[in-house]
């Protein structure tokens, strides 16, 4: 680890993404995880040199350069408020936010640099751009978004599907959604444009959850030093 390592606070450290973030950050000499926040009081206060805190103790979190949040909607407001209070950037991949929480995000972007995204993979960033272009180039074509995930994923359509739908809608399409929950599928998204006698399919398949964690860590590094505002993943990784 270098003396100028970026100090990272990971919020939602007990989830699948949180665990991946902890593991990958430990392998990155440019990062130092100064705190890991979990929902309940942790059974161990320090794991592999990383201090663990309960969500109720968030206000006492150590100094950090950037926070990364992959938690649940009910835990989102406190980490957003902490970052705004301390003037620190936030990277969040928490899905299922309601309109009030989205409004809070927009308000916070007046004070801090932040990026909220349903998906931090490089491939999905490219897919989103392609969907925008296809929707604008194929007016009048039917647009369908099919998404598949593991059986434990609760929100449907997925946040990524909705993001792709927003990209399509912004270019004039009217997307419909189909969701599948089966087995241990990490994540698959197909955006299908259907015209008369022809069909275009744009597909992204994730086979390893590490791609999302790597993208979030990369975005966190790039967000430091940015002026206040709401950024897209593609603004930071492409």
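Using N, Cα and C of the backbone, Cβ positions are placed for all residues, glycine too.
According to Swiss-Prot, the protein has these features:
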- 149: active site, proton donor/acceptor (ACT_SITE)
- 153: active site, proton donor (ACT_SITE)
- 12, 13, 14, 15, 16, 17, 93, 94, 95, 117, 118, 119, 120: NAD(+) binding site (BINDING)
- 40: NADP(+) binding site (BINDING)
- 150, 159, 160: (S)-2,3,4,5-tetrahydrodipicolinate binding site (BINDING)
Which residues, same chain and not among 150, 159, 160, have a CB within 8 angstroms of the centroid of the CB atoms at the recorded (S)-2,3,4,5-tetrahydrodipicolinate site?
-> 95, 118, 119, 147, 149, 153, 155, 158, 161, 187
For residue 95 (NAD(+) binding site), what is the tally of other C-beta atoms lying within 10 angstroms of its C-beta?
-> 21
Rounded to an integer, what is the Cα-Cα distance in Å between residue 160 ((S)-2,3,4,5-tetrahydrodipicolinate binding site) and the residue listed as 'active site, proton donor/acceptor'?
-> 11
Have a look at the recorded positions 149, 150, 153, 159 and say which one has the shortest Cα distance to residue 120 (NAD(+) binding site).
-> 159
Cβ density check for residue 120 (NAD(+) binding site), other Cβ within 10 Å (all protein chains) comes to 27
Number of Cβ atoms other than its own within 10 Å, given for residue 150 ((S)-2,3,4,5-tetrahydrodipicolinate binding site) | 13
What's the most sparsely packed of the binding-site residues 14, 118, 160, counting other C-beta atoms within 10 A?
-> 14
Candidates 16, 40, 149, 153: member of the recorded positions with the richest Cβ shell (10 Å) = 149
By a 10 Å Cβ neighbour count, the lowest-scoring of the binding-site residues 12, 93, 159 is 159
How far apart, in angstrom, are the most distant Cα atoms among the NAD(+)-binding residues 12, 13, 14, 15, 16, 17, 93, 94, 95, 117, 118, 119, 120?
-> 20
Residue 150 ((S)-2,3,4,5-tetrahydrodipicolinate binding site) versus residue 14 (NAD(+) binding site) - Cα distance in angstrom = 18
Could you find out if DSSP has residue 149 (active site, proton donor/acceptor) as helix, strand or coil?
-> strand
Just the number: how many Å between the Cα atoms of residue 159 ((S)-2,3,4,5-tetrahydrodipicolinate binding site) and residue 118 (NAD(+) binding site)?
-> 5
